Amino acid sequence: FSLRWRRTDNTDRKTDGRGSQFHVHVQDSGGKAFVCNCCGKTLACLKNLKTHMRVHTGEKPFVCTLCGKRFSDSSNLKRHQSVHTGEKRYGCAHCGKRFAQSGSLKVHMRSHTGEKPYPCKDCGKAFSLNSSLKVHMRTHTGEKPYPCETCGKCFSQSSVLNVHMRTHTGEKPYSCETCGKCFTESKSLTIHIRTHTGEKPYSCETCGKCFKRSAHLNVHMRTHTGEKPYSCETCGKCFSQSSVLNIHMRIHTGEKPYSCETCGKCFKWSAHLNYHMKTHRGEKPNPCETCGKCFSQRSSLKKHMRIHTD
């Protein structure tokens, strides 16, 4: 847009064709500071002021001839065009990975330097990306700006909402090339593939035992530390795993979630249901080594053995 000058004592005023005014303050040094009348920001030169004003006017005069996307300044257009050309001018000196934009390389370098310039003011935790800090802040504020339109459940991240939506659509876009099993998340597929490869990348520093999942290593470490963070509110007994606490609670509640499809008998534990099912199938996998008599349960075999020892 064109600007017209109007001189005052120590301030020039510039006016665009629409009548908006931008102040130009003359400094003692003889230079000029160009001040945006909309937000008060000071710019070093007229060119920078004109570019800055597009933030307020929404003007985007630079157009990508390939896709039609518009930009407020030419430098942003040039960076965008590398998306179409595939050009990656900026290379990492540490690992050789290349990037189309210098800003992307700068962020990547933090993976090598460990730099985390964005600290949380509430807890001190630091992040390499400002966007990661913003997501983290929601753990303190409780903000969950992404609601599910189907069930109303809200999430702090759009990516988590996208994964959740697959529970409604049934979509499982990640498939195992070995067995064809499909998953809603890529990390679930990664963990599953270890059942085929046998990979156990998480090792215990104390005893050397290896695990497929980091969560399993964390639980295992409690066998060394003795930590039992899950306590029963009824009797005070403590457990190293939440799943074991849930099973224990059935002693107090009387819950028996495992039912026999043949006779309807219910059990507190799945193992007891499995033992019971053998009575219907006629399985007796526990033989007496002395007389050869077979039993469906090991406990029945132990009782029988007393006949021979008495």
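Even glycines carry a Cβ here, placed using N, Cα and C.
What TrEMBL says about a protein is an automatic prediction, not a curated fact.
Per TrEMBL, the features are as follows:
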type: DOMAIN; residues: 34-61; note: domain 'C2H2-type'
type: DOMAIN; residues: 62-89; note: domain 'C2H2-type'
type: DOMAIN; residues: 90-117; note: domain 'C2H2-type'
type: DOMAIN; residues: 118-145; note: domain 'C2H2-type'
type: DOMAIN; residues: 146-173; note: domain 'C2H2-type'
type: DOMAIN; residues: 174-201; note: domain 'C2H2-type'
type: DOMAIN; residues: 202-229; note: domain 'C2H2-type'
type: DOMAIN; residues: 230-257; note: domain 'C2H2-type'
type: DOMAIN; residues: 258-285; note: domain 'C2H2-type'
type: DOMAIN; residues: 286-310; note: domain 'C2H2-type'
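Within the chain, the domain 'C2H2-type' (286-310) has long-range Cβ neighbours (under 8 A, six or more residues past its boundaries) at 275, 278-279. Helix, strand and coil residue tallies for the domain 'C2H2-type' (118-145), in that order: 12 helix, 4 strand, 12 coil [DSSP].
For the domain 'C2H2-type' (230-257), the residues of the chain that approach it from at least six positions outside its boundaries are 219, 222-223, 266-269, judged by C-beta separation under 8 angstroms. On the 0 to 100 pLDDT scale, the domain 'C2H2-type' (62-89) averages 84 in this prediction. Under DSSP, the residues of the domain 'C2H2-type' (230-257) split into helix, strand and coil as follows: 12 helix, 4 strand, 12 coil. Tertiary neighbourhood of the domain 'C2H2-type' (146-173): same-chain residues 135, 138-139, 182-185, selected by CB-CB distance under 8 Å and a gap of 6+ residues from either end.
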